[in-house]
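The transmembrane segment annotation in TrEMBL covers 45-60, 80-102, 122-147, 153-172, 184-202, 222-249, 270-291, 328-347, 367-386, 392-412, 433-458, 464-490.
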Amino acid sequence: MAGSNSRQPQFIASTGNQSFSNAPLIQSADTDQIVVPERNSWKNLFAYMGPGFLVSIAYIDPGNFETDLQSGAQYKYELLWIILVASCAALVIQSLAANLGVVTGKHLAEHCRAEYPRGPNFILWVLAEIAIVACDIPEVIGTAFALNMLFNIPVWIGVLLTGLSTLVLLALQQYGVRKLEFFITFLVLTIAGCFFAELGYAKPVAGEVLKGLFVPQLKGNGATGLAISLVGAMVMPHNLFLHSALVLSRRIPRSVHGIKEACRFYMIESGFALMVAFLINVSVISVSGAVCNSSNLNPEGQASCEDLDLNKASFLLRNVLGSWSSKLFAIALLASGQSSTITGTYAGQYVMQGFLDLRLKPWLRNFLTRCLAIVPSLIVAIIGGSAGAGKLIIIASMILSFELPFALIPLLKFTSSETKMGEHANSTAVSAITWIIGSLIMGINIYYLMTSFIRFLLHSHWKLIAVVFLGIFGFVGVAIYLAAIAYLVFRPNKKVTHLLALTTPASQHMGNGSGRTSIDCLPREDIVSMQLPQRGQQTEDIG
């Protein structure tokens, strides 16, 4: 890291001889590390398990549930293809984020700080922080809805109480991160099992579901807005920073073979985790679409489906769970929100450390983010009630989608660059696919932004002069948005990364000519210590 190389040099420079000028592996007997042995075995996969599943929690958070429920209620199965495309895109993008960390030993935020001038770097940091706050808003509202269902606490009071969930979460962390995550995962999978059971009861027409999955269609401006929300809820900017940093907590062999194996196994792990998340999202949309579009739906159910949000969704499970539907749904919703808080805390730590070389204690970092998310949530909950809070989740997801290019473009540029990735840079095919994905996301965002803004101006009842000034202001904003994207796309990479893998012919000769060496890279001690504490451990501040 910039500013800390004198204390903890982190890179191996392949010089083609037996000496290493940076001899940089972090040695720490106290580091809680997972060591991957240098061997050809599928058993190594278990050593890589963890980062992908932690990242996948963000794909089944309250924001996903909200957008899934509304898309099913309003458009039945027509938007299922968005989930399929977003899941496939997420697998490719998350794999690239993992590859960046594995190959270079630096996560995405650190690369941005090293690559971009101070001004653009600061703007990227601000956008990343806004994305984390936007991601935390659904967790705040989801937790408030869960408390309302469990204890009949008004939503606005529940929003205030979510500030205390930070302290409760960190207190539970003292008994072991893995135990807590296992318990949360069990609860989330419980609600998934309930939706799978309800899926069998609702009996959606298989042909219609398949058509929704494989036939793209967007009927109306409302569908476009929901599609953007679905993409924003599935492919989140903060996940790219998170995944590229989490992989640095492993000790992997620093040979060509070890690097390639790590990249392959991280992709397999991410694929399995995202497949589970994909099935859960599809089942939620299918249940919502089947129940809310059923001809046998009673008047109470019709009223709920007209403005379906997380606070009303438990009625979908009554056929399976009876009177316990709301309680179990609330417990799983609470678990989903709190487990997503873990990923938000980690991502916030890595973003702040990477962009600013600054770290805070996890409880303080989480509390600051939560406070920023509570303010808009509280205002909307007081004014608009649960319906307004549900709409805020959709808006937050749209913000995430609009911000995605500012994390995605640097990731694509860095992973496609041989100056940063060496022989592990993206192939031409992978580069083409990822840039097509990025272009589609940016295209649909810009289309929706322009059409919505023009429609607003045409149907506005304001005076002509106000409409003119608002139009000028809006189009200038869109121009700035496009200019920022163009800057990231066309600016050539200038900084060279010293690869951790020994890839030169001379250095491979050191490994007996087989591309395998006994050189290992210990996990980044600063990354490991940034994770939430185990019992008896405390995270130190590093300024």
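Each Cβ is built from the backbone N, Cα and C atoms, and glycine gets one as well.
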**CB contact flag for the transmembrane segment (80-102) and the transmembrane segment (464-490), at least three pairs under 8 A** = no
**Prompt:** Taking the transmembrane segment (45-60) as the reference, which of 222-249, 328-347, 367-386, 433-458 gives the largest number of Cβ pairs under 8 angstroms?
**Reply:** 222-249
**Message:** So if I exclude everything within five residues of the ends of the transmembrane segment (433-458), which remaining residues of that chain have a CB under 8 angstroms from its CBs? That is, six or more out.
**Reply:** 89, 92-93, 96, 221, 224-225, 227-228, 231, 235, 401-402, 404-405, 408-409, 412, 416, 426, 467, 470-471, 474, 478, 481-482, 485
**Item:** Remote residues contacting the transmembrane segment (464-490) - C-beta distance under 8 A, at least 6 residues beyond either end
**Value:** 120, 123, 402, 405-406, 409-410, 413, 442, 446, 449-450, 453, 457
**Cβ contacts the transmembrane segment (328-347)/the transmembrane segment (392-412), at least three under 8 Å, sequence gap 6 or more** = no
**Message:** Within the same chain, where does the transmembrane segment (222-249) have neighbours whose Cβ lies under 8 angstroms from its own Cβ atoms, ignoring anything closer than 6 residues to its ends? I mean 6 or more beyond.
**Reply:** 33-34, 50-52, 54-55, 58-59, 61, 63-64, 66-68, 70-71, 74-75, 78-79, 82-83, 86-87, 89-90, 93-94, 97-98, 100-102, 105, 107-109, 127-128, 131-132, 135, 138, 262, 266, 270, 281, 343-344, 346-348, 350-351, 354, 394, 397-404, 406-408, 411, 441, 444-445, 447-448, 451-452, 523-524, 527-528, 531
**Request:** State the residues, same chain only, that lie 6 or more residues beyond the ends of the transmembrane segment (392-412) and have a CB under 8 A from a CB inside it; answer 'none' if no residue qualifies.
**Result:** 62-63, 66-67, 70, 93, 96-97, 100, 108, 111-112, 115, 124, 127-128, 130-131, 134-135, 137-138, 141-142, 225-226, 228-233, 235-238, 240-241, 244, 309-310, 376-377, 380, 384, 426, 431, 434-435, 438, 441-442, 445, 449, 481, 484-485, 488-489
